[in-house]
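There's a structure below that I have some questions on.
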Amino acid sequence: MRGALAGLSLATLATASPVLVNSIHNDAAPIISASNAKEIADNYMIKFKDHVTQNLAAEHHGWVQDLHEKTQVAKTELRKRSQSPMVDDIFNGLKHTYNIAGGLMGYAGHFDEDVIEQIRRHPDVELVERDQEVHVLGSESEVEKNAPWGLARISHRDSLSFGTFNKYLYTEDGGEGVDVYVVDTGTNVDHVDFEGRASWGKTIPQGDADEDGNGHGTHCSGTVAGKKYGVAKKAHVKAVKVLRSNGSGSMSDVVKGVEYAAESHLEQVSITKKGKRKGFKGSTANMSLGGGKSPILDKAVNAAVDAGIHFAVAAGNDNADSCNYSPAAAENAVTVGASTLADERAYFSNYGKCNDIFAPGLNIQSTWIGSKYAVNTISGTSMASPHVAGLLAYLLSLQPAKDSAFAVADISPKKLKANLISIATVGALTDVPSNTANILAWNGGGESNYSAIVEKGGYKATHRPTMLEEIESEAKVASKKVYSEGDELAHKVAELTEKVEDLIAGELKDMFRELKRE
């Protein structure tokens, strides 16, 4: 009966979401696939059951690698005996092991079908998920603008106007003492806009270089913490490369990157308690990437948040329900949709109940690769999410340092997320579906006291002319003026023409009279 009920609940899940679950047989763990993603053949992520300890996990890892190697040897020997042609079916075995602050334990690897079937039947295994491709969430480059309007927008309550378009209201030390893990394609750490505050954390894809060969991660990092382009201008960026230079990678590598960020954060907490780091105030993270629904990635992000990292993730660029994508569906993170200069939901932005907040994401200028001065303007929820990751760092920095005599209890990610939402601007955007929170991120408008910002609470947007509406209004006034002046001029021209015609007619009459006399 227990197995039948489990099968029923999983079947229901498969029909209600883009996650497909293979049929369960002999009490084997299910294999989960994302129907809206491209799978990586014969690559899997495995999640342990909650009872598994570190020692049990280590024993299991040894067992699975031994099983893999014996299976490979046996198949090779069988092929030799049968004189079958050699085929390229070499499997690499164990790739990653996971332990994200005890909240997610498991591993990933490249296994053949026989091995994965035995893994499924192991009593320590809860589920098996097919690995899938993950990609950045940006769109094509746009013409560069002279100023980052997104910064101005998150520091003003009402729609931007000519008077506020280039004005970013902020606290000078915003972000100081906070580490921001940008889990992406890497970061151009030598860019001048980082002022030496960016460093390389870890490269996850095997054999890849410690550099951003794509630009996407650098752009996100600049929006988080750049001197000119960043929300939190004193934060420290930690580059975590999980995607290759083409902007894509594997879900299993992304999970490993999340684990690195969590472990690194906990290490900083530990050395701060030992007095080896001064002024540390906490960590945030940004993931402007996505793929199909992945319960393991969502679990990884939730575990990292439980470990103390304040996570911002992009909602996605498919103009669809963000709950069908990961990590957008991770409930502990802050899921961010994209808005436009005209205070609209960006046409590409995902929506739905998994969205927590909106931030600027169309035509965003920030740092780039190619030189230490390079900039680029691109669009996507990838550009919206780092506004919020930077804002989380900004708000964290307004607290006393953990080693300060004035230190207070840490603001948990859950509490800061709730505060971020509570102070946001309500009803600012148009074209937001009814099942989606219509709130726009706000940084406090330059206020440096965190409690004072929170006490201000939310703000109901009032419709004031946007900058585009101002342009349209002034154009209409100018048009009317031109029309009025043109009408007056035309009348004068008509009068003059009539006088000229009368004069010419008179002259012609006189000329004909003279001709008749001759």
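Here the Cβ of each residue, glycine as well, is placed from N, Cα and C on the backbone.
For reference, Swiss-Prot lists these features for the protein:
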| type | residues | note |
| --- | --- | --- |
| ACT_SITE | D184 | active site, charge relay system |
| ACT_SITE | H216 | active site, charge relay system |
| ACT_SITE | S382 | active site, charge relay system |
| DOMAIN | 44-136 | domain 'Inhibitor I9' |
| DOMAIN | 148-454 | domain 'Peptidase S8' |
| CARBOHYD | N246 | N-linked glycosylation site |
| CARBOHYD | N286 | N-linked glycosylation site |
| CARBOHYD | N449 | N-linked glycosylation site |
| REGION | 244-298 | region 'IgE-binding' |
| SIGNAL | 1-16 | signal peptide |
| SITE | N317 | site 'Important for catalytic activity' |
So among the recorded positions N246, N286, N317, N449, who's got the most Cβ atoms within 10 Å?
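That would be N286, with the highest Cβ count within 10 Å.
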Provide, as an integer number of angstrom, the distance between the C-alpha atoms of N317 (site 'Important for catalytic activity') and H216 (active site, charge relay system).
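Just about 15 Å between their Cα atoms.
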Within 10 Å of H216 (active site, charge relay system) (Cα-Cα), which of the recorded positions D184, N286, S382, N449?
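Within 10 Å Cα-Cα: D184, S382.
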When a 10 Å sphere is centred on the Cβ of H216 (active site, charge relay system), how many other Cβ atoms does it contain?
29
Specify the nearest of the recorded positions D184, N286, S382, N449 to N246 (N-linked glycosylation site), where nearness means the distance between Cα atoms.
D184
On the three-state reduction of DSSP, what should I expect for N317 (site 'Important for catalytic activity')?
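Assignment for N317 (site 'Important for catalytic activity') reads coil.
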In whole Å, note down how far the CA of N449 (N-linked glycosylation site) lies from the CA of S382 (active site, charge relay system).
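Cα-Cα, rounded: 29 Å.
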Going along the chain, which residues six or more apart from D184 (active site, charge relay system) have their CB under 8 A from its CB?
V136, H216, G217, C220, S221, A239, V240, K241, V242, L243, N286, M287, S288, L289
Tell me the residue counts in helix, strand and coil for the region 'IgE-binding' (244-298), as DSSP assigns them.
27 helix, 13 strand, 15 coil
When DSSP is mapped onto helix/strand/coil, what comes out for N449 (N-linked glycosylation site)?
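Note: N449 (N-linked glycosylation site) is coil by DSSP, not helix or strand.
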Across all chains shown, how many C-beta atoms besides its own are within 10 angstroms of the C-beta of S382 (active site, charge relay system)?
32
